[in-house]
């Protein structure tokens with residue numbers, strides 16, 4: 001994407017592109033740095049007297065965890081340990097992660113299937129606590145930011161498209177990919193809606209199956225409770241190194257090199273410190289996901305691709321003439337789709353901003 005931005009954008013556009021990527025990656029790191037300590041607190045601070053109908057791990061931060069140590073204190077202790085163990089990777093390069101990524105993907109599939117099956121079993125036994133109303137518009141404002149952030153399924157598109165030698169059937173391949181993603185999202189969402197009451201659903205869905213959930217076997221509960229710890233811990237160094245390299249690219253000048261102190265110390269520190277500070281100040285995942293998705297994610301998913309398409313089509317017309325034809329062109333080749341995407345991006349921005357103002361009183 002950086003190469004495409006350099007081809008079709010001017011200097012200001014390229015800088016804005018990298019700033020958008022950087023803000024998004026900062027949000028990712030803050031979310032990951034929050035999710036791991038939250039999961040550990042939920043698994044290790046269960047005292048046996050909480051109700052599954054409360055979000056003990058997120059709302060009752062002042063409750064005791066270990067003696068005089070409160071839950072929020074335990075969260076910050078875990079955050080410090082997380083930083084000490086994974087933070088140093090930001091100062092080095094992360095390579096040859098093939099088998100690590102395969103293991104992570106396998107754990108994701110297992111966790112998704114377990115959560116869906118366990119929720120379906122509970123619903124089938126008539127023990128589901130969810131009674132969703134026919135319509136409720138109060139959550140629509142926040143839905144936009146969360147949906148934008150869930151676009152991570154698109155990260156797999158380059159790895160799906162690049163190895164394909166005959167690209168004639170790419171449209172069908174991508175359609176199947178999106179259909180599978182939509183199916184899993186739908187199964188997770190609708191089983192969650194009918195399995196748990198709205199007041200007991202935690203920001204991180206895996207936590208609903210750990211700790212005090214009586215219908216989940218202990219082994220499965222611990223696996224799902226610790227699932228974010230394993231998967232996120234493998235992704236955190238990769239995203240941190242990616243963010244660090246984007247900072248270097250943003251300030252890079254042709255023919256110039258960075259002093260050792262700047263290259264090996266300053267860039268890693270400005271990559272690692274801000275998200276850890278954010279995670280230290282707040283442990284509300286829903287807010288972090290919504291803000292990251294609505295602003296930086298909005299730019300990456302909607303605004304930047306729309307302008308890339310617009311500029312690339314304009315460049316194509318200048319180079320090959322207005323009558324040029326591309327046999328691989330998209331079914332959404334009309335210019336109206338570009339404007340529709342930009343309009344949708346503006347709608348997401350407005351809705352989530354309104355949600356933050358109305359909900360948090362900012």
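Glycine too: its Cβ is placed from the backbone N, Cα and C atoms.
Feature list (source: TrEMBL):
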DOMAIN    4-333  domain 'Amino acid transporter transmembrane'
TRANSMEM  12-33  transmembrane segment
TRANSMEM  75-94  transmembrane segment
TRANSMEM  106-123  transmembrane segment
TRANSMEM  143-161  transmembrane segment
TRANSMEM  173-199  transmembrane segment
TRANSMEM  219-243  transmembrane segment
TRANSMEM  337-358  transmembrane segment
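If you look at the transmembrane segment (75-94), the same-chain residues 6 or more away from its ends with a CB under 8 A from one of its CBs are 33-34, 36-38, 40-41, 61, 69, 233, 236-238, 240-241, 244, 264-265, 268, 271-272, 276, 279-280, 283. Long-range contacts of the transmembrane segment (12-33) within the same chain, counting only residues at least 6 positions beyond its ends with a Cβ under 8 Å from a Cβ of the stretch, are 1-2, 5-6, 79, 82-83, 232, 235-236, 239-240, 242-243, 246-247, 249-250, 271-272, 274-276, 278-279, 285, 288-289, 291-293, 295-297, 299-300, 303-304, 307.
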